[in-house]
Amino acid sequence: MSGLVPTAPEQPTEEMENQIKSPTAVPDAPPDYNSHFAPGPAGPVASPSAGLPMGYYIPQQPGAIPLYHPTGGTHPIQYQPGKYPVTNQPAPIMWMAGPAPVPNCPPGLEYLAQLDNIHVLQHVEPLELMTRFETNNRYDIKNNIDQMVYIVTEDTDDFTRNAYRNLRPFVLRVTDCLGREIMTMQRPFRCTCCCFCCPCARQELEVQCPPGVTIGFVAEHWNLCRASYSIQNEKKESMMRVRGPCATYGCGSDSVFEINSLDGVSNIGSIIRKWNGFLSTMVNADHFEIRFPLALDVKMKAMIFGSCFLIDFMYFERPPPRRMSR
């Protein structure tokens with residue numbers, strides 16, 4: 001018995017083959033990892049690597065993006081990365097294309113040389129709606145296709161605005177698409193304590209283009225029944241007349257101010273205050289339409305444009321309503 005070597009019991013051939021075979025083949029070379037995540041179509045689920053039991057957590061490679069699996073069903077992707085919709089952004093302002101230089105035209109008035117119709121839109125001031133505090137007026141000047149031509153802003157201190165309201169002296173600055181001030185309109189203070197037919201109580205507007213160079217005046221004339229103005233040149237020589245309706249504030253209809261020649265025979269243009277329905281009676285957000293001939297001198301167009309603001313302050317710049325006291 002000392003010459004016999006102990007051996008293991010014989011096993012069936014099938015069991016030995018099963019022990020030799022591995023559940024998965026071990027790759028000869030390490031896999032090629034890529035740090036960039038490239039989503040693709042879903043493929044078959046890979047079995048765990050050799051030597052790891054089923055359900056063992058395999059940490060992700062650095063830089064890999066974990067996948068999100070929604071619960072409760074499959075949800076399609078609504079937005080691509082980087083293309084989320086941005087809300088509450090103001091619409092871009094569409095400006096009128098810059099015209100070519102016009103001979104003998106003040107800088108900045110080249111836009112008016114190409115137009116026969118412009119719209120003056122006053123901004124709604126939320127502070128005036130909630131309180132009785134008067135703020136500086138702002139206007140957008142647009143053409144017929146809703147392109148911005150000018151921006152007009154009032155430059156008056158807080159005390160003057162709230163002390164004198166619609167009778168206040170003011171300075172209006174007109175800027176173009178580049179922010180350059182091309183025109184200035186100013187109204188001096190007129191005492192209203194005197195008789196309304198007294199010359200010292202009549203309103204007047206001076207128009208400067210460019211700022212510092214006077215091109216004309218808009219002067220009020222006494223009239224018992226209707227609004228009456230004269231458009232004058234820089235020497236205060238009357239060039240045109242403006243005649244308003246008998247009732248300047250027409251409820252439910254437009255208010256038309258006609259621009260006529262000095263003899264009153266020919267009609268040159270008009271300034272129309274549009275009726276905006278219920279909004280016109282609640283807030284100071286006026287809409288004016290100015291019409292003049294295309295071939296009219298550009299300085300006279302600027303004077304008609306300036307007379308629109310004097311009319312607005314005198315007849316349509318209403319003080320805010322007073323609160324009822326208990």
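Going from the start of the chain as shown, residues are counted 1 onward.
Using the three backbone atoms N, Cα and C, a Cβ is placed for every residue, glycine included.
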Task: Matching range for Swiss-Prot feature annotation, motif 'SH3-binding 3', among 94-102, 292-300, 301-309 - done: 94-102
- [ ] Would you mind telling me which of 41-49, 140-148, 203-211 Swiss-Prot tags as motif 'SH3-binding 2'?
- [x] 41-49
Open item on the list: Please identify the range among 10-17, 18-25, 82-89 that Swiss-Prot labels motif 'SH3-binding 1'.
Closed with: 18-25
Task: Overall pLDDT of the topological domain 'Extracellular' (317-326), taken as the mean - done: 53
Open item on the list: Based on DSSP, tally up the residues of the motif 'SH3-binding 3' (94-102) by helix, strand and coil.
Closed with: 0 helix, 1 strand, 8 coil
